[in-house]
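What Swiss-Prot records for this protein:
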{"type": "DOMAIN", "residues": "24-419", "note": "domain 'Protein kinase'"}
{"type": "BINDING", "residues": "ALA30, GLY31, SER32, GLY33, ALA34, TYR35, ALA36, ASP37, VAL38, LYS53", "note": "ATP binding site"}
{"type": "ACT_SITE", "residues": "ASP146", "note": "active site, proton acceptor"}
{"type": "MOD_RES", "residues": "THR291", "note": "phosphothreonine"}
{"type": "REGION", "residues": "429-479", "note": "region 'Disordered'"}
{"type": "COMPBIAS", "residues": "468-479", "note": "compositional bias 'Basic and acidic residues'"}
Amino acid sequence: MAIGGGGGGGSWSIHGRPDVTSRYEVLGRAGSGAYADVYRGRRRSDGAPVALKEVHDAVSARREADALLAAAPSRHVVALLDHFPGGDHDDDVLVLEWLPLDLSAVVRAAAAARPSALPAAQRKRWMLQVLEGVAACHSAGVVHRDLKPANLLISEDGVLKVADLGQARILQETGTYQGMHPYEQSSGVEPWVSQQRAVLHGVKENHPSHDSETQTGQEPERLTAADYLHEMDQLRAKSTHGDVDKMSLQDGNASCLATCSTADIDDDPFRASYSYDAEEGMLEEESGAFTSCVGTRWFRAPELLYGSTNYGQEVDLWSLGCILAELFNLEPIFPGTSDIDQIGRIISVLGNITEETFPGCSNLPDYNKIFFNKVEKPIGLEACLPDRSASEVSIIKRLLCYDPTKRASAADLLNDPYFAEEPLPVPIEGLQVPESKDEDDDSTEEWANFRGGDSDSDFDEFGSMDVTKTDKGFSIRFS
């Protein structure tokens with residue numbers, strides 16, 4: 001079971017909660033993460049199996065509970081059965097229906113069974129269930145923000161349900177995110193452009209519309225890659241001693257590259273997801289701006305990779321496209337080893353991100369900080385989906401497009417002609433469901449072959465690098 005949540009801490013043990021144990025028997029640990037622990041349990045009143053999710057961050061727990069209640073009742077969204085709020089010394093405990101499998105188990109089982117793989121009729125039923133779950137969330141105004149196969153749980157009889165909504169947000173009925181598309185507002189400054197101080201690697205950034213070169217008339221200072229990495233080392237050293245303003249780095253208007261790049265350089269690039277902690281969640285609550293550092297890299301929309309903090313359900317639709325493509329290929333379509341590599345992989349397939357392909361992209365916080373050589377001949381989605389029919393490629397194209405306003409909704413895709421073609425989707429009871437995974441199963445090693453070599457740095461992924469230092473920070477061009 002996928003683990004969500006943020007930072008914080010309480011007892012870190014469900015066994016010391018008589019309010020919980022008096023109503024639920026704790027049978028054993030089912031999964032564990034930095035910010036949540038999940039236990040198998042049984043309801044004492046009727047013996048029904050349950051999942052007891054102990055969340056070590058009250059903000060994340062409340063957010064998940066609110067999102068689940070907003071989307072209920074839905075056959076394809078996990079049911080929240082009970083909620084035990086935490087206190088000064090206890091964590092929140094969410095009681096959820098027990099679902100022993102997830103969609104990544106289906107993908108792994110099908111990949112192991114090659115060449116028979118996943119029959120088309122079964123694949124269509126899995127796809128329809130994913131679409132129904134996402135459509136239910138979106139109709140309730142919920143943005144999941146971390147859709148991936150591991151967060152799509154499956155019952156033993158094959159019913160798939162959207163789960164792990166610890167990063168979810170509920171869009172307001174009025175205001176920025178509801179009833180007015182964030183990319184279509186007509187104010188002088190695009191809504192995702194930060195009006196407050198942002199930070200790129202600890203360097204203050206001016207408003208994007210004020211070009212430092214134009215203001216000063218001076219050529220920017222040129223840096224070698226070694227100079228750039230030396231500056232990064234100095235910033236890390238300052239950060240260690242608390243000299244970098246942590247609140248600035250965690251501000252809701254700071255971009256994902258601004259807050260995450262040094263970690264990509266420093267740490268294991270296979271660490272696919274950015275840790276969404278409690279402090280970041282509280283800052284979102286206070287500022288009203290979303291953070292761009294949500295979701296898991298392989299499924300993160302381009303606007304998030306470029307630092308957007310004002311977005312809607314369209315980010316889920318990009319993730320949905322990646323998930324459905326994985327059901328076709330039985331492997332991730334964009335398995336980036338770092339955020340920069342992720343953008344590079346997407347561009348190599350879909351082409352250059354420009355105002356023509358993504359209106360308003362030049363206003364994204366990091367658009368003018370990371371540059372790639374122009375791709376003259378992108379390989380296209382057809383090449384990434386070999387031996388697939390036109391209708392199969394079409395459904396992925398409707399989701400994996402740069403312009404968020406052109407991504408098809410999950411509700412629309414439920415009526416896509418592809419699902420009316422032969423072979424028709426099998427009924428749910430006709431699905432071949434893998435055996436339940438062991439408690440200690442760790443799927444990370446299953447995907448180890450998708451690592452980008454042995455590199456542990458964004459910069460090792462590219463041949464040459466042109467680094468420019470300006471008053472805004474660093475501008476990097478990769479070739």
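Backbone N, Cα and C define each Cβ position, glycine as well.
Remember, predicted model here, so these are calculated numbers, not experimental data.
You'll find the Cα of ALA36 (ATP binding site) roughly 16 Å from the Cα of the residue listed as 'active site, proton acceptor'. Within the set ALA30, GLY31, SER32, GLY33, ALA34, TYR35, ALA36, ASP37, VAL38, LYS53 that the record links to ATP, no two Cα atoms are more than 14 Å apart, and one pair reaches that distance. In the predicted model, residues of the domain 'Protein kinase' (24-419) average a pLDDT of 78. Taking CA atoms as the reference points, ALA30 (ATP binding site) and the residue listed as 'active site, proton acceptor' are 20 Å apart. It is ALA34, among the binding-site residues ALA30, ALA34, ALA36, VAL38, whose Cβ has the fewest other Cβ atoms within 10 Å in the structure shown.
The least crowded of the recorded positions SER32, ASP146, judged by other CB atoms within 10 A of its own CB, is SER32. Straight-line distance linking the Cα atoms of SER32 (ATP binding site) and the residue listed as 'active site, proton acceptor', rounded to a whole number, equals 18 Å.
Secondary structure at VAL38 (ATP binding site), as computed by DSSP, is strand. DSSP classifies ALA30 (ATP binding site) as strand under the three-state reduction. Recorded residues ASP146 (active site, proton acceptor) and ALA34 (ATP binding site) have their alpha carbons 16 Å apart, per Cα-Cα distance.
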